[in-house]
Each structure stands twice: as structure tokens, then as C-alpha cells.
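Engineer: Swiss-Prot lists 284, 286, 339, 355 with the feature Zn(2+) 1 binding site, giving a large-scale study or a structure entry as the kind of evidence. Per Swiss-Prot, the feature Zn(2+) 2 binding site maps to 396, 398, 450, 467; the stated evidence is a large-scale study or a structure entry. According to Swiss-Prot, the feature compositional bias 'Basic and acidic residues' maps to 1-17. What Swiss-Prot lists as compositional bias 'Basic residues' is 129-139. If you look up Swiss-Prot, you'll see 155-165 marked as compositional bias 'Acidic residues'. The phosphotyrosine annotation in Swiss-Prot covers 195 and rests on sequence analysis. Annotated region 'Disordered' per Swiss-Prot: 1-107, 125-166, in sequence order. The region 'Flexible loop' feature in Swiss-Prot is assigned to 297-331; the stated evidence is sequence analysis. For 513-529, the entry in Swiss-Prot reads region 'C-terminal arm, DBP binding'.
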């Protein structure tokens, strides 16, 4: 009996047929395991245990028994054959992965047709494609897209995604989309081709602020074709064409919506002068009332200016001897007007805070301001505002380049009243044009000259830059009107061009100091050491 129990206790399952804790199943008995044999187990520790037999109750013997946990009751092969098979547990279905977003590859025709592609940051975001033929396609982005995923909140990510939807918007004009610069260049090339501009000017034209010469050539050709024999008053033809080129450049930039930060294309401003409101009262560019100051002019008797003064101003001109004992023509003006900051300065000299405005005859200057006001009222009778404004240039050819440095002398074009000789003899009853009657009733014109003009038979004061810029106030307004006519003949829509209003600034002050100017040098070191 004891030996049988020992056999049962020492019986261990064969290798590959299950572990000691788990009895082999029918699958293990019927077919050998296809898996490789497990690694060899380490040697089992044995312990001594006393076993008592039934026959000899007093006697005891020691037997070596392997140290194993208590085995389950063994089952024979017959019992295994009769025992029912255990049902296998079905493996739980693996969670299906979310389908990957569909990748739709654009066709080669669609890729070639797309000229501009951008993302509209709406909610949900959309992909906007602009085709070369003016076609505009708006496609809602899939929520799996990185752009759409970055804009979604945590609550929105839990919601199911919606299907893509495409909306096709056709350009009603069917015009290809171009940039602002290309739009301006296309209009400029059309004008230069039509009016036969020089090829060099046409090739170098890039719609830059300092490229007025090419547009002035367009205006010059248009004047020769449409307005041959144009009458100008105290205006040079070159200055008139230059101002037309500036106004045309302003219309081109307004048409193309191109702007430059520190450059105004017209170079002009609207000054509310208020010099024709009160009789005998003039105001300078500061907006202050100008003061009376005696002004004495001496000219050589044999000079052209001296002879002209004796003929035209015989009541004021007289021949006297100067301090060197020479005979000169002297004209004394007691009605001269100057800026309030020049009260302590001698004639033709200005302080550092002066605006540089000076009139030798205040009455003639006021007549000129009344003339331009009446001219504006005759030209635009229904205008509610603007009759009291003066269109004045702020740059002559000396300071027309962008980014120029201040130079010695006056920083704004000189404003001088010119009298219309023999205009008093005209019969106003025979003239029906109100714009012409403005000059008959007020026989003087405001003329804009170079900032620091150099007159004939005289030397330049200070050696500053000078040019032959000269245009009257009515002709400056006519230049703007003619540019509008030129534009209307070539384009259907006239863009809105705004001339800024003049405001006094310290940059317009008279400069008595000449600042050194540097010239660019390509060398890295100034000296050869």
C-alpha cells in the first residue's frame, strides 16, 4: 500500500504534456505538440519525509520525496476519453482601426490650372484654389487634415467628421488673377505702346517712384497729337509735361492699388491759403499774418531789368547814385510782405524758422490769390469745397527724387505773383468765358518756380542746386484736367486720386546750413595702405 502511494506521489507528467498544476488535455494526448520542447527545468530539491506503513505502525522509514505542491487527483486515459471536451473561448474581436483619410491626387490638368492656393481660416477651414483662367474653387478641408485638426477643440474632436463638400465659384469677369504690380505694369505698357515711347525707357520701366520720365513721354506724345499749339501762361513746356507725368503716375498707382510709404507721386498739396478773404491781409505757409516791410531794389541802368523797370514802373523807379557813386535804378516798395520770423532779417535773407515766403508787392500778391479762386469757381461752379484751396507743388526737379537730403536754401518751390500786362485794356463785355474773365478782373497769376531759382545775369546764392522749374497755378490745374482726359480715352474707369492737404512741418523750414553729402564708393577700404 505504501509503495502504491509512493508511485502515485512520484508520478510526474511527461515533458511537453502539460505542467504539474495543469493536467494534459485530449489534444495533448492525441497529438504531439508542434511547439519545440521547453527548456530543461532546473533540478528539483528533494526533502526527507517520514512515511508510516499500515503493517508496522511503530516502525517508520524515510523516503526521498520531490518538493512539489500537492498534486491534483490524477485521471487516467479512460477517464480523459469519457470526459466532455471543454469549449474554447472565442477570442474577443480586435477593435477596428479608424480608416485612413482618403488621399485624392489631383490630376495633372488640375495641377497646371492652379495658379494660387491658400487656406481660409474659417470654422471649418476651407482650401481656396485660384485657377489661371479665373476659376475659383472652395473645398472644405477634411477634419483629419492637420490644418483642420489644429483648429478643433477637444469637444469637437469627439464628434464624427462630416464628408467633404466642394463649392465652385466662377469669376464673373473671367479675368485671370494678377498682382497689383502686374496690373499697373500692364496699364503702363499699354500706354507706352500706344504713344510710341522710346524702347529704352519702356524696357527699364518698373513702376518705381523715380521713373516719371517714361510717363512724361506718354503725355508729351498725347499733347502733340490731341492739343497741338497749347497756350501756356508763365509756364515752360518741360515743366508742364513733367507735372502731367506725375499726375499720370498717381493715377496708375491708384488704379493698381500700389502705394509707397515715403513717396507721394504727385508731389503736390492743397493749401487753404485764406489770402483773399480780408482786403490787405496775406498769410504765409505757417498760417500767420505776413507783416509789412520796406523793400529797396537797385539795378544797373544799362541792364535789361533796369530798363524794364523804368518802362513798366515809371512811378516807382528812379535813377540814383549808390554808395559807390554809380548810377542805378532804385525801386522802393513800402508794401512788401514777409514771414513773421523774418522781421529782423534784411531783404532777401531768411531765418532758420522761416517758410521762405516773401512778396515785394503785397497788393499784387492778393490779386493773384483772388484770380486763382475765381478761376476755380468758374471751372467747378457746383463744387461745395475746394474754391479756397491752392494746388501747389512741393517739389521741383531739385528735390523730386525720393529720399533726398535737405539742401541749402528754400525747401519748397518759390511762390511769386506775376502781373498780366495790358489785361486792363480788355473789354469784359466781349468775353463770355468765366475762366477768362477771372484773369481780366484780377490781372495777376501765381507762378511756382524752382526752390532756389537763379535768374539771368545773376549768380546763384550759396551754390545750391537749381533747375528751370516754372509753372503757373492755372496751368498746374490744367495739367491735372488733361491727364484725366488722357486716362478716360484709354481706360473705362477713372480711379480716385487724392491729393493730400498741406500742413506745415519743420522739414519745410529755410535751411541756412549746408550739410555734407556722401557719395557711394564700391571700395571696401577708403585708402590704399
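Even glycines carry a Cβ here, placed using N, Cα and C.
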Engineer: Given the recorded positions 195, 284, 286, 339, 355, which one's Cα is the least distant from that of residue 467 (Zn(2+) 2 binding site)?
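Structural biologist: Smallest Cα separation from residue 467 (Zn(2+) 2 binding site) among 195, 284, 286, 339, 355: 355.
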Engineer: Find the one among the recorded positions 195, 284, 339, 355 whose C-alpha lies closest to that of residue 450 (Zn(2+) 2 binding site).
Structural biologist: 355
Engineer: Starting from the Cα of the residue listed as 'phosphotyrosine', work out which of the binding-site residues (284, 286, 339, 355, 396, 398) are within 10 Å.
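Structural biologist: So the list is empty; none.
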Engineer: Starting from the Cβ centroid of 396, 398, 450, 467, which together make up the recorded Zn(2+) 2 site, report each further residue of the same chain whose Cβ lies within 8 Å of that point, ordered by sequence.
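Structural biologist: My list of surrounding residues reads 397, 399, 413, 449, 451, 452, 453, 465, 466, 468, 469.
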Engineer: How big is the Cα-to-Cα gap, in Å, between residue 339 (Zn(2+) 1 binding site) and residue 396 (Zn(2+) 2 binding site)?
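Structural biologist: Counting only the Cα atoms, the answer is 22 Å.
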Engineer: For residue 396 (Zn(2+) 2 binding site) and residue 284 (Zn(2+) 1 binding site), determine the Cα separation and express it in whole Å.
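Structural biologist: With the alpha carbons as reference points, the distance is 19 Å.
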Engineer: Here are some binding-site residues: 355, 396, 450. Which one has the most Cβ atoms within 10 Å of its Cβ?
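Structural biologist: The residue with the most neighbouring Cβ atoms within 10 Å is 396.
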Engineer: Just counting, how many other CB atoms are there within 10 A of the CB of residue 467 (Zn(2+) 2 binding site)?
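Structural biologist: By my count, 18.
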Engineer: Kindly report the helix/strand/coil residue split of the region 'C-terminal arm, DBP binding' (513-529) according to DSSP, in that order.
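Structural biologist: Output for the region 'C-terminal arm, DBP binding' (513-529) reads 0 helix, 0 strand, 17 coil.
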Engineer: Excluding 284, 286, 339, 355 themselves, which residues in that chain have a Cβ inside 8 Å of the centre of the Cβ atoms defining the Zn(2+) 1 site?
Structural biologist: 285, 287, 288, 290, 340, 341, 354, 356, 357, 504
Engineer: What Cα-Cα separation, expressed in whole Å, is found between residue 398 (Zn(2+) 2 binding site) and residue 355 (Zn(2+) 1 binding site)?
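Structural biologist: Spelling it out, the Cα of residue 398 (Zn(2+) 2 binding site) and the Cα of residue 355 (Zn(2+) 1 binding site) are 18 Å apart.
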Engineer: Three states by DSSP: which one describes residue 286 (Zn(2+) 1 binding site)?
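Structural biologist: DSSP assigns residue 286 (Zn(2+) 1 binding site) to coil.
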